[in-house]
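Dropping the structure in here first, questions after.
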């Protein structure tokens, strides 16, 4: 793939550049902290729980950046950071696509809810009331895109696409990405524990949705000159729209349809 330059020592360490090394490192970092939260029976609502959540969340970025410096040469490292910084790679057309994807899914979900006899969209207290209490949640929602996409798309996707087609790489990465969230279903205070639940219908919809997002993210990534900042923006916008939707009183069917994709 154009844009790669591996270090001269990688030929002697072929296994280091394997995406499976990245997956193992990411899981070790993230699960090390999140499983600790389970073992200590702490909630993410507490101070120590928040620390464990955020440090674990940094796993994809830490592993990705470390391997960029271990596997790639100078040109590859410069290319990585250029893809993080250069917004122009996205372009106007694909910036509009990034804006449209989660909004379009929400509209489709609302229409589906109406067709199924639901209310579609109704303003809730979080929208009609004073918005200040929602600001901390909004701030937290901006962190996952940055901490995740420096690794998942910024490093792992490139390594996978060296040997796999875009679709197959997306599906494999999507499964790994979905499974990475597993400890969250056992930690009090997390959305996955409090709202979705383990092995519920929502659990399976969540995992299918993550894999679907992986395919969409690859589509955007490959059409924006492998822009990491573009995927961070897309991931963040998906989270932002999701947060806004939680400020509405959506019907149950709408929530299930939307959860399948977002």
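Yeah, the Cβs are placed from backbone N, Cα and C, and that goes for glycine too.
Any TrEMBL annotation is an automated prediction that lacks curation.
Residues annotated as transmembrane segment in TrEMBL: 20-40, 46-72, 92-116, 128-147, 167-186, 198-221. Residues or ranges marked as domain 'CAAX prenyl protease 2/Lysostaphin resistance protein A-like' by TrEMBL: 133-236.
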Out of 20-40, 167-186, 198-221, which stretch touches the transmembrane segment (46-72) the most, going by CB pairs under 8 Å?
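So the stretch in question is 20-40.
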Mean pLDDT for the domain 'CAAX prenyl protease 2/Lysostaphin resistance protein A-like' (133-236), rounded to an integer?
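A mean pLDDT of 91 is what the model gives the domain 'CAAX prenyl protease 2/Lysostaphin resistance protein A-like' (133-236).
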